[in-house]
Amino acid sequence: MAEHLKRRIGLPLLTAYGVGVMVGAGIYVLIGAVAAEAGVWAPLAFVFAGIVAAPTALSYGEFSARLPDAAGEAAFVAEGYSANWLGVIVGVAIVIAGTVSAAAVLRGGVGYLGALVDVAPAYLIIGLGLALVGIAVLGALESLSVAAVFTVIEIGGLALVIWVGLTASPVAEMAAPPAPIWGGVAAGALLAFFAFIGFEDIVNMAEEVRDPRRTMPRAILLALMITSAIYALVAYAAVRVAPVGALAASEQPLALVWETALGRGADFLSVVAVFAALNGVLAQNVMAARVLFGLGRRTAVFKGFHHAHPRFGTPVLATVLVGVCVILGALLLPISTLAEVTSIVLLSVFVLVNGALILVKLRGGTGEGFTVPIAVPVLGCVLSLAALLTALFAG
């Protein structure tokens, strides 16, 4: 078995992977919650959320250029705090968060699919889960190519919603929009921030990317900018066509936008949501397996995972283990609090990664290629900590 992954991924495919991870099924629900807080200024809340995410994304960009390692955050934290044990703990937390997140998304996607086909949910979970494991085993290039197709379908669905939202007659609220209530916009931005979680998964592909010191930072920033634009346009289309109160009360706000604009149902959005879910599961499987591969280089406990298949160039054992755990989680675990747990884990990691970059810079280390001023990780640390405390104690 080889100990190196195959470098076959370029900037376009890596950027598409990042966009696909961020633009998940959550945006189909989150629009209503953000509109409830920010009103017709929901698009501004999404722009602010992108700005809040930007410093941490920039920190990830510099670290990915300094240390292109499949373990990602585990390697960054170990380097910054000079504590390999802390890096291993962070890596394990990332694997658990990714697995739990994928289980929740798979279960949710099967819920959408169950409304379209008459098959027992357990069979759908097992069948889809195994199919995605097979794709992930075949290779990173193959996995990201499939994910890119899923991403095109996701964005295509959102583009249709944007189109009907921009061409239909606007609601009265948009004729003379009220002055923004900045407290509501800020609250909406905090909610919208969680829609940007996912850019961090890009760093775990570092050992399969060509010229990672240049490609990784570019992919992270491009994915964040593209996603910010998509979210702002979707939010504008939504509040332009549907009353804010109706959006806030709806469990399917984008379907409401479609139905309000055209006067007919939006069943196709259920199909798009299934592809969004499959994309999320595939991305999390690929990510978590790479972290296990990277951890195998750092501790004897995970050494068995530091092997790549000689033909496929993928960490097969890690991929299969993560895939089986995702399937079992989707079959057995309640999903009501899984998203919250995942967000709290990731925000904690964001704080640690920003802190690690601060320490590296204070020690006078000079990075290769992409670098940011020390104020960037400081701001990223403060903003991530604020979002973490909000997630822990709000409501």
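Placed from the backbone N, Cα and C atoms, the Cβ positions cover glycine too.
TrEMBL annotations:
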- 12-34: transmembrane segment (TRANSMEM)
- 40-61: transmembrane segment (TRANSMEM)
- 82-106: transmembrane segment (TRANSMEM)
- 112-137: transmembrane segment (TRANSMEM)
- 144-166: transmembrane segment (TRANSMEM)
- 181-199: transmembrane segment (TRANSMEM)
- 219-239: transmembrane segment (TRANSMEM)
- 268-293: transmembrane segment (TRANSMEM)
- 314-335: transmembrane segment (TRANSMEM)
- 341-360: transmembrane segment (TRANSMEM)
- 372-394: transmembrane segment (TRANSMEM)
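Using a Cβ-Cβ cut-off under 8 Å and counting only residues 6 or more beyond its ends in the same chain, the transmembrane segment (314-335) has close neighbours at 5, 95, 98-100, 102-104, 106-108, 110, 122, 125-126, 129-130, 132-133, 136-140, 281, 284-286, 288-290, 292-293, 296, 304-308.
At the 8 Å Cβ threshold, with sequence separation of at least 6, the transmembrane segment (40-61) lacks contact with the transmembrane segment (144-166), having fewer than 3 such pairs.
Contact counts against the transmembrane segment (82-106), taken as Cβ pairs under 8 Å, peak for 268-293 among the stretches 12-34, 112-137, 144-166, 268-293, 341-360. The transmembrane segment (219-239) and the transmembrane segment (268-293) are not in contact, since fewer than 3 Cβ pairs between them lie under 8 Å (pairs 6 or more apart in sequence). Ranked by the number of CB pairs under 8 Å to the transmembrane segment (372-394), the listed stretches 12-34, 112-137, 144-166, 181-199, 341-360 are led by 341-360. Highest Cβ pair count under 8 Å relative to the transmembrane segment (181-199), across stretches 112-137, 144-166, 341-360: 341-360.
Long-range contacts of the transmembrane segment (341-360) within its own chain (CB-CB distance under 8 A, at least 6 residues past either end) are made by residues 55-56, 59-60, 62-63, 66, 73, 76-77, 79-81, 86, 90, 93-94, 96-97, 100-101, 104, 194, 197, 200, 374, 377-378, 380-381, 384-385, 387-388, 391-392. Sequence-distant neighbours of the transmembrane segment (112-137) (same chain, 6+ residues past either end, Cβ-Cβ under 8 Å): 106, 143, 146, 270-271, 273-274, 277-278, 281-282, 285-286, 289, 309, 312, 314, 316, 319-320, 323-324, 326-327, 330-331.
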